[in-house]
Amino acid sequence: MKAFLFAVLAAVLCVERAHTLICFSCSDASSNWACLTPVKCAENEEHCVTTYVGVGIGGKSGQSISKGCSPVCPSAGINLGIAAASVYCCDSFLCNISGSSSVKASYAVLALGILVSFVYVLRARE
């Protein structure tokens, strides 16, 4: 009986843990609410990734959100004031529920862009 229990214990310890990472997935969505479809990642995909791109000029703005599984973790971000892009990654169950948190608006650059737009429009009327 002890030999059987020892064999079962050895088998359990030697078996690799099953890959069960599940991430939210979407492509080019305009809202985070459209990105709530869970998918099971492939064995080599160990990270959930969220890619965010946002643009705002004057009173018009737009954004694109993509989510999914990835074998690498490419966290990065850039903020140019009127445009921003970021990639956020994590590695736990449904961890990419939110949009990327690394993008922050630069209100000074946005205000400067709006001011330059107004000056351009006013000069175009002359």
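Keep in mind that glycine also has a Cβ here, set from the backbone N, Cα and C atoms.
Take the candidates C69, C89; Swiss-Prot pairs C73 in a disulfide bond with C89. Per Swiss-Prot, the cysteine from C26, C35, C41 that shares a disulfide bond with C69 is C41.
Taking Cβ-Cβ distances under 8 Å and a sequence separation of 6 or more, the neighbours of S98 (GPI-anchor amidated serine) in its chain are N32, T50. Secondary structure at C48 (disulfide bond), taken from DSSP and collapsed to helix, strand or coil, is strand. Taking every protein chain shown into account, C35, C48, C73 are the disulfide-bonded residues, and of these the Cβ with the most other Cβ atoms within 10 Å belongs to C48.
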